[in-house]
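Undergrad: Sharing a structure below in C-alpha cells format, with a few things to ask.
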Amino acid sequence: MHELSIVQDLLKVCDTNATEQGASSVKRVEIQIGKLSGVEPHYLKKAFDAFKVGGHCSDAELIIEIQDIIVRCCQCGREGTIMANEFVCPMCGSRELVVIKGEDLVLMRLELEK
Ligand SMILES: [Zn+2]
C-alpha cells in the first residue's frame, strides 16, 4: 500500500522536526494532497493513526487539505484548475498541459508542544 510508506516518511519528518525544536510532542500535522498524487486521504489518515503510536505524533491530529489540479496550457498560456478526468485546456482545447500544482503531497504545517 502506497499510503503506508508515505505515512512512515511523514512521521519521520515530524519526529526529526520535533527533536530539532526540542518539542515534547506534535499536536497537529497539516498536509496538502494533490488530486493527482494518487494518495487516498482516507487510507492515509488510517495509516497515520495506526503508525503514530509511540512517537512524537502519538496524540497528533492529521489535517488533510486537498489541492486541486492546476495546469498551464502550452498553446494559449492559460493557467487554472482542471478536473482530473478532462486533461484539456478549456480555453483552446489543447492537450499540451503542464501540471503546476496537484501532483504532490506537501507538509504544510506542524504544531509542536514544548
Ligand atoms: Zn489553451
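Glycine is no exception: its Cβ is also placed from the backbone N, Cα and C atoms.
Those TrEMBL annotations? Automatic predictions, nothing curated.
Sharing the features that TrEMBL gives for it:
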- His2: Ni(2+) binding site (BINDING)
- Cys73, Cys76, Cys89, Cys92: Zn(2+) binding site (BINDING)
Undergrad: Between Cys76 (Zn(2+) binding site) and the residue listed as 'Ni(2+) binding site', how far is it from one CA atom to the other, in Å?
TA: 36
Undergrad: Looking only at C-alpha atoms, tell me how far Cys92 (Zn(2+) binding site) is from His2 (Ni(2+) binding site), rounded to the nearest Å.
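TA: Distance (Cα to Cα, whole Å): 36 Å.
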Undergrad: Let me know how many other Cβ atoms fall within 10 Å of the Cβ of Cys76 (Zn(2+) binding site).
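TA: There are 12 of them.
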Undergrad: Here the binding-site residues are Cys73, Cys89, Cys92; which one has the lowest number of other Cβ atoms no more than 10 Å from its Cβ?
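TA: Each of the binding-site residues Cys73, Cys89, Cys92 was scored; lowest Cβ tally within 10 Å is Cys92.
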Undergrad: Other than its own, how many Cβ atoms are within 10 Å of the Cβ belonging to His2 (Ni(2+) binding site)?
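TA: Within a 10 Å radius of the Cβ of His2 (Ni(2+) binding site) lie 13 other Cβ atoms.
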Undergrad: To the nearest whole angstrom, state the Cα distance for the pair Cys89 (Zn(2+) binding site) and the residue listed as 'Ni(2+) binding site'.
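TA: That comes out at 30 Å between the alpha carbons.
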Undergrad: Other residues with Cβ within 8 Å of the Cβ centroid of Cys73, Cys76, Cys89, Cys92 at the Zn(2+) site?
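TA: Near the Zn(2+) site, beyond Cys73, Cys76, Cys89, Cys92, sit Cys74, Gln75, Gly77, Arg78, Pro90, Met91, Gly93, Ser94, Leu97.
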Undergrad: How far is it from the residue listed as 'Ni(2+) binding site' to Cys73 (Zn(2+) binding site), counting Cα to Cα, in Å?
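TA: Approximately 30 Å lies between the Cα of the residue listed as 'Ni(2+) binding site' and that of Cys73 (Zn(2+) binding site).
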